[in-house]
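Enquirer: Below are the structure tokens for one structure; questions will follow.
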């Protein structure tokens, strides 16, 4: 089967934004204009095609990034047909992991901002992730029809808060109620959309007289930005004072793909204006799979290697999302980087060391699916029949093994005990939680050995609420949840040169004998536990050293203060002794545990608590109340910014333990007019009175 669309005409893009900037509505309009949807789905009435989990329709927020394919020939049909694979990403801060995951497999992104709210806290998080994966992006300022809409203020905020370099390629005609259309700075014409045809038809008109001067200035800035792409363009611009439409597009495209600039557009998705021009900009400025560097990975011998976006290369793909589907079971969403995959092929998973067979391949259109025979480089699709693949793993040709870089997922910061309402559901709950954990790497499940309770942990209260909710809807298991518990950690502040551990049992017959001397010292934050073997002259025989390390790894699961996991400690084994007959692995493992525990007691142990970056957006009248309340929660207020539509954005760092129930408190303090977002920042030492309270609570 030959390729239907040349790979140069592929665009794998994400649409990403803060909650309520109108991202799902924007995606809906894209599906409408590209001819896939006949009736536009509105989020307001819970009918949007991309929000396909029931919960999303109820809460009006997008949780999972559904992947959809559509085609576009330009708003005036002047382009050859391009194929868009669109990944819709959630904007809520508890789902940052979803955004991170989709960024990894995208070639470009459209950042949607609200013309009234501007650059909101979540927009900054998403921007940082796009920087991390070097994703070229455009900006689309939505909701230009709303009271308080201001395109140029959002432009200033992008520069200030995101350190971005936006280059408007259109400017708005009017704003709020009077928003009519845009001035296309390349053609220097006004684009006015026809409301009766839901924006399918439009006219090019002369630029309104009151905008002529402003349009000229902004065009000048755009041409300058394009000219900086190459010496050739710069020379022509300096000689002639202008560039042709094609040259401007080329210059802007080059710099956008190099992530030096971000073309900026505007419109109102809800009123069907501006999205069509944004689709043209996706073709003009965002990269196809062949415009970006080949994907990097490692081969069987851990040597670095790359895979080009080419059908003739060996097959390689990344599984970036799992979903459980009520009809076909598990769907594994993959992004193909190289080669071709056909139905029935076998693929190899180097992380698990397993070979698996692909059953069916489906391409999603929101949650309708089309079966396809094969997928090629640049495609995004879902495979049915893979049993043992988790998010972030590579699939490749068994004859040409490659591991594409693994994604790194954050550690959960909040935990809750969960139990089924009826005892008979225990097993069903176990299966449901395992499934959900395979889908979402930032969600973990474990059994508490002492109490036998099932503990679930995740990135925030909303995250766990949604998990419990999905258990009920998708698996029919109703559960009771305990009070949220903070995931504290322990570490040390001093170095202990000699921490001795001995395990001796000698009472006739074969005994036990293990003896180690450890140096225990603080490690850099985030480095974890490091074990160093510095034994000289065989005082501890080689074969027992892994047992010592095993002992350390076991000992760090429970700290000496309150039994929380120990982090960021470096342990060096530098001396010890053994007995020819009585020494064995168990004895050395036990000696290491005793030595580590003793050493920690002397090494200035402390409790660490998770600190959260909190940002509250509030009307100015309540700013003082909000800041006072954050301080009373042991928060450090770090700054206050003005927001585009009035009001203040307050940034603070607050311990997670003080943030439970914050949404209710904030609502009542500000009469429901303030909103907040919160994400994990880092662990920091808990003050003494807090540590004592934590220890007392654990001792009960």
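Backbone N, Cα and C define each Cβ position, glycine as well.
As listed in Swiss-Prot for this protein:
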- 17-24, 88-92, 142-145: GTP binding site (BINDING)
- 8-290: domain 'tr-type G' (DOMAIN)
Enquirer: What is the total of other Cβ atoms whose distance to the Cβ of residue 144 (GTP binding site) is within 10 Å?
Expert: 30
Enquirer: Within the domain 'tr-type G' (8-290) only, compute the mean pLDDT.
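Expert: Reported value for the domain 'tr-type G' (8-290) is a mean pLDDT of 80.
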Enquirer: Should residue 144 (GTP binding site) be counted as helix, strand, or coil on the basis of DSSP?
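Expert: In the DSSP reduction, residue 144 (GTP binding site) maps to coil.
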